[in-house]
Amino acid sequence: MSDHASDGAATPSEAPVAENPYGGASSATGGPKRVRTRHFQNAKRDGIKITGLTSYDQLTARIFDEAGIDFLLVGDSAGNNVLGYETTLPVTVDELIPLTRAVAGAVERSFVIADMPFGSYENGPDEALHTAIRFMKEAGAHAVKLEGGERSHKQIRRIVGAGIPVMAHIGYTPQSEHGLGGHIIQGRGEGVKQLLADARAVQDAGAFAVVLEMVPADAARQVTELLHIPTISVGGGPHCDGQLLVWTDWAGLTTGRIPRFVKQYANLAGVLGDAAREWRADVASGAYPTEEHSY
Ligand code: KIV
């Protein structure tokens with residue numbers, strides 16, 4: 001897309017970069033260009049689907065960036081997937097900052113979004129802005145995400161007013177699991193009215209995109225048609241402007257129950273388990289190490 005022309009090119013990578021869905025240069029033509037919030041708007045306008053994955057470390061961040069994933073979310077799902085908590089509720093800003101710094105430091109093109117954890121923005125706009133600034137200054141995030149529609153619109157407005165892009169998150173919001181009464185699909189039946197009100201509220205507050213988690217596909221379609229900002233589905237069906245998945249679920253690394261909306265694209269748990277068993281057997285038998293692995 002032509003507005004990429006004036007954007008600063010990142011260092012070209014040796015690895016092939018998937019064709020830039022926004023029309024900017026790929027590595028073959030001079031290096032990937034950083035995804036910006038305007039590219040999210042352009043993608044919606046042009047009907048180009050946006051892709052996002054969670055990432056919590058520099059190794060996966062680099063792989064996903066080189067594969068052309070448009071944005072990486074340093075989600076508070078790190079609570080379950082990295083830190084060993086049962087829910088996302090205990091996660092703190094101090095725990096997410098080093099993970100965000102690792103991801104932001106590894107990418108050339110992907111847009112890096114830091115998730116604001118529970119307890120870091122609910123007290124009001126001042127607290128929310130303070131947290132968002134920490135993610136931008138201390139971790140190098142490009143944007144922040146926070147949960148809640150109408151209830152979070154003042155926080156979103158304040159953060160956006162300070163020049164920090166905000167991705168909103170409505171529908172099922174895991175930080176409110178207990179308030180919502182469990183893992184329950186949102187926006188069903190009459191619930192679509194609240195979903196539409198939440199969507200309008202976050203758009204009016206200045207969010208550049210909104211995650212729709214665990215909502216019926218038809219409700220997500222209505223929100224997508226209503227809004228001029230892109231909708232990003234996490235279990236919101238095919239009508240959204242983009243799709244986001246938790247990478248450990250998507251790559252088959254999660255060993256517990258995974259949500260129905262996830263399609264697994266690999267079986268990393270199987271691959272790593274097989275490798276560990278083979279290596280253990282080789283050490284036991286003396287097949288490893290051999291001379292070629294010794295000094
Ligand atoms: O933390 C996370 O991974 C998320 C997504 C599920 C949207 O918030």
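Glycine is no exception: its Cβ is also placed from the backbone N, Cα and C atoms.
For the 3-methyl-2-oxobutanoate site, TrEMBL gives Asp76, Ser77, Asp115; the one candidate out of Lys44, Lys49, Lys145 that the record lists there too is Lys145. The record assigns Asp76, Ser77, Asp115, Lys145 to the 3-methyl-2-oxobutanoate binding site, and the maximum Cα to Cα distance across that set is 13 Å. If you take the C-beta of Glu213 (active site, proton acceptor) and look for same-chain residues 6 or more apart in sequence within under 8 angstroms, you find His169, Ile170, Gly171, Tyr172, Thr173, Pro174, Gln186, Val234, Gly235, Gly236.
Within the same chain, residues at least six positions away from Glu147 (Mg(2+) binding site) with a Cβ under 8 Å of its Cβ are Met116, His169, Ile170, Thr173, Pro174, Gln175, Ser176.
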